[in-house]
Amino acid sequence: MLSLIKLPRVFTINQVPKVFHEDSIISGYRHPRSSATDCILSLFQLTNETLNIWTHFLPTWYFLWKLVMVVLIQRAWQDSFTWPLLIFLFSCCIYPLTSSCAHTFSTMSARARHICFFFDYGALSFYSLGSAIVYSAYVFPDKWMNSLFHQYYIPIAVLNTVICTALACYSRCAENCFLLIQFPECQRPKFSKYMRVVAFAYPYLFDNIPLFYRVFFCVGEGCTDMNTNILHYYHITLALLTGFLFATHLPERLAPGSFDYIGHSHQLFHVCGILATHFQMEAVEQDMMIRRSWLREHSLPITFASSLGAALFCVVQNLIIIILFSLPLLSGPVCKEKKHNKGKKRSSAKVSPCC
């Protein structure tokens, strides 16, 4: 059937605008003015984005199945103790789905690319808050229960989420001819990359303070030393590997062009991130089941404000931030070709020199 369909052409790095360039990826680029149909068809051909899409799209359905099981079997809506798990599982569904959509439709235009990844960043920061909410409810070490840090943990996590989304969106490259807002990536791409790393590393490190203390530093009575900790070790190891791959662009940086289609860092980053989320999910569910009776008696009560309310506030704030960063892109003038591009062959996919 697919043999009867004409699949979109792929291009090299020299044939697409700079805004679409990926570090050390030489070939496999889709047309920077792809139609929505072309973007969907590209799912079934090998480009440098194909595995980025599928490595997040397929796990979405596994996480959705886990969420449905919690709703149907544990009757989440009837028991406030289950609300944090529900929020966490929902965030686990949202971030890979948003990421796969962003990678799929990001080549419709330079503007679409920025907006797609604004949503991607918002979904990742929401996942960060989901982790904080579920950690506050089930993972905090016994010694820290009801402490001052525990009481302010969720409000600080909410603030971190808003800052994370705003900083990550600001770091993206927008075309210089948009008049209402300027983005730093065109002028200082490495600085923008570091900005995104910090935007997501800081909330992760803060969210995991109670977990790091519990599994690495806490000794003696009240340290919640259970079999669950091994699952937390797996999650932490894979999460650190995920961050390392995102920041270093290995292995493609060692051999540019050799990992364009299979094996580049973003694909490995996706796989490690999904595995980390899986082990995190298993650990959290096990903590919840084992500690349920003790937590109900000794932990802070789970309220609407500290769970569902915080999640809804995060969603609204992230959408506002995304809209604020997207409006200049939607209302700005269309970039025109520079004179030195007029002589290019028609086969070139270059459409904008702005970034």
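Residue positions begin at 1 at the first shown residue.
From the backbone N, Cα and C atoms, a Cβ is placed for every residue, glycine too.
Keep in mind the model is a prediction, meaning the values are calculated, not measured.
According to TrEMBL, the Zn(2+) binding site annotation covers HIS103, HIS266, HIS270. Taken from TrEMBL, the feature compositional bias 'Basic residues' covers 337-348. For 336-355, the entry in TrEMBL reads region 'Disordered'. For 60-77, 83-105, 117-140, 152-173, 233-250, 301-330, the entry in TrEMBL reads transmembrane segment.
Mapped onto this structure are the features recorded in TrEMBL.
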residue: HIS103; record: Zn(2+) binding site; CB count, 10 Å: 27
residue: HIS266; record: Zn(2+) binding site; CB count, 10 Å: 21
residue: HIS270; record: Zn(2+) binding site; CB count, 10 Å: 24
Chain residues outside the transmembrane segment (233-250) and at least six past its termini with a C-beta under 8 angstroms from it: 23-24, 193, 197, 200-201, 204, 208, 211-212, 215, 264-266, 268-269, 272-273, 275-277, 279-280, 283
Residues of the parent chain within Cβ reach of the transmembrane segment (152-173), under 8 Å, 6 or more residues beyond its termini: 19, 114, 117-118, 121-122, 124-126, 128-129, 132-133, 135-136, 140, 183-186, 189, 192-193, 195-196, 198-200, 202-203, 206-207, 210, 306, 310, 313-314, 317-318, 321-322, 325, 355
Near-site residues: Zn(2+), ref HIS103, HIS266, HIS270, CB cutoff 8 A to centroid: GLU49, LEU51, ASN52, ILE53, THR55, HIS56, SER99, GLN267, PHE269
